[in-house]
Amino acid sequence: MARRSSSSSSGAWRYLNPAYYLKRPKRLALLFFIFVAATFAFWDRQSLVSEYESEISRLEDDINRLHDQLRRAGVHLDENPVISNKNSRKNPVEIDHVNNERREKVKEAMLHAWNSYVKYAWGMDELQPQSKDGINSFGGLGATLVDSLDTLYIMGLKDEFQKARDWVAESLDFDKDYDASVFETTIRVVGGLLSAYDLSGDKVFLDKAKDITDRLLPAWDTTSGIPYNRINLAHGRAHNPGWTNGDSILADSGTEQLEFIALSQRTGDPKYQQKAENVITQLQKIYPSDGLLPIYINPHSGTASYSTITFGAMGDSFYEYLLKVWIQGNKTEHVKHYRQMWETSMEGLLSLTKKTTPSNYYYICEKNGGSLSDKMDELACFAPGMLALGASGYGPEKSEQIMNMAKELARTCYNFYQTTPTKLAGENYFFHAGQDMSVGTSWNILRPETVESLMYLWRLTGNTTYQDWGWDIFQAFEKNSRVESGYVGLRDVNTGEKDNMMQSFFLAETLKYLYLLFSPPSVISFDEWVFNTEAHPLRIAPVNYNKSIGTPVRPFGRKQGKPE
């Protein structure tokens with residue numbers, strides 16, 4: 001028995017001996033044929049997977065279009081077919097399990113941040129994780145809670161969303177004797193409430209959005225229509241901060257259009273849209289040939305004051321909204337002037353770009369008078385995503401130029417992160433000949449701009465490198481910023497010293513953009529939604545709007561700041 005076992009074993013092993021086949025050419029040919037056939041079968045399977053993905057994507061687009069047509073015709077379905085069916089559909093082939101796992105990790109991070117806020121700072125504006133308490137940075141408007149609503153909804157965190165919704169309905173009160181930032185209140189609170197309304201269809205959010213916006217409106221009662229940037233929510237007294245010498249700030253005055261237009265569409269009251277769009281009408285009168293406005297505007301005369309030109313702090317989102325209002329307006333003739341102003345400004349942006357040595361990193365300079373400053377804020381890292389989003393509106397040659405610049409700037413912004421010991425970016429960078437880049441202000445406050453641009457570039461190019469870069473950044477946040485009771489910024493990206501603040505935009509923007517970076521592009525599709533500058537998606541109304549925009553959709557699965 002032992003011998004037969006041994007003989008049987010040796011008989012089997014001979015088929016693994018190359019000499020066996022060399023003596024038998026027909027069997028060698030047969031083996032080769034089997035190998036080739038198996039190889040082709042494998043690649044055919046891969047091809048089928050690719051075809052399957054493409055077909056699913058095409059069908060989803062068709063369903064979305066049909067759903068929109070039905071909504072425009074006044075037929076309201078109970079759910080968004082594409083989003084709701086994604087969870088229940090049984091895929092015959094596992095697709096992109098790596099990014100599925102990444103997305104779940106981001107969702108877990110959101111839960112950690114949210115649960116920490118609930119435990120230690122419920123109802124307050126922001127959580128201080130180190131001291132385990134809350135702080136009212138924005139006058140007690142529940143900024144983190146309102147900022148998080150749509151993120152919770154998109155991630156399918158139903159219980160958390162419902163708890164937050166109930167607080168909004170029962171406890172959110174705007175009758176505050178507090179001088180609020182018009183800009184921050186608009187992008188965080190108005191934007192957050194409108195997005196929650198568009199996603200859920202719950203009218204409580206629309207009512208609250210109208211309440212707070214009505215309290216902001218007196219800020220536009222100036223000679224020129226350029227708004228003051230601060231207003232007392234209880235008494236309606238508006239003014240500008242003392243440090244601007246009475247001037248209004250460009251970004252603060254030109255970053256309400258998306259929200260106010262959306263509110264007018266959803267309420268049927270044109271006053272919000274009229275106030276916001278009048279600002280653009282006034283700025284058109286003084287618009288320079290290079291499309292670059294200084295950051296200070298006189299609210300009485302409507303003229304620009306001598307000051308810095310930048311795509312960073314205090315300038316950034318003005319340029320962003322020129323493009324996005326054009327998209328929000330379905331790119332029609334009515335909003336054509338927004339696109340024209342944006343294209344003029346992009347020529348100005350290109351004139352501000354330089355590249356470093358030896359690594360050829362492109363960056364956007366700031367301009368003071370006739371001279372350029374070799375400094376770029378991390379805040380300006382929204383620009384690659386903006387350029388990518390706007391590239392398709394050009395002809396082929398110009399579109400390629402704009403997209404290439406978007407890619408180059410994204411590479412620079414990614415390396416803002418990669419060149420520090422913590423792999424987290426500083427607040428701004430300086431560029432010197434032969435030295436590429438060096439950190440200027442060295443804090444990191446959990447900003448979203450780079451991952452925002454990575455999300456846009458991945459969706460618009462299909463290049464998964466941008467997903468890998470985003471994963472690197474997420475892992476750096478996990479390693480350096482995650483603490484027992486939430487997430488904190490760093491006082492210094494070189495040493496890793498932590499601060500004591502979980503900025504509300506970390507939940508509103510950073511984690512949402514990371515989640516979408518690892519999600520299929522049909523989740524909050526660019527065809528149906530436009531993001532405000534706080535990452536709150538607003539549904540694009542049909543051209544012939546009929547107030548059906550509040551129709552709820554089911555979930556897929558479920559800026560400024562300072563260090564403390």
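Glycine too: its Cβ is placed from the backbone N, Cα and C atoms.
Just so you know, TrEMBL annotations never went through curation; they're auto-generated.
Taken from TrEMBL, the feature active site, proton donor applies to Glu184 (among others).
Here TrEMBL flags Asp316 (among others) as active site.
Per TrEMBL, the feature active site, proton donor maps to Glu427 (among others).
The Cβ of Glu449 (active site) has Glu378, Leu379, Ala380, Cys381, Phe382, Cys413 as same-chain neighbours under 8 Å, each 6 or more residues away in sequence. For Glu449 (among others), the entry in TrEMBL reads active site.
With a 10 A radius on its CB, Thr533 (Ca(2+) binding site) counts 26 other CB atoms from all the protein chains. Taken from TrEMBL, the feature Ca(2+) binding site applies to Thr533.
Annotation comment: TrEMBL describes Cys381-Cys413 as disulfide bond. Neighbour count (other Cβ atoms within 10 Å of the Cβ, all protein chains): 29 for Cys381 (disulfide bond).
Glu427 (active site, proton donor) has Asp316 as its nearest neighbour among the recorded positions Glu184, Asp316, Thr533, going by CA to CA distance. A straight line from the CA of Asp316 (active site) to the CA of Thr533 (Ca(2+) binding site) spans 10 Å. On the backbone, the CA of Glu184 (active site, proton donor) and the CA of Thr533 (Ca(2+) binding site) stand 10 Å apart.
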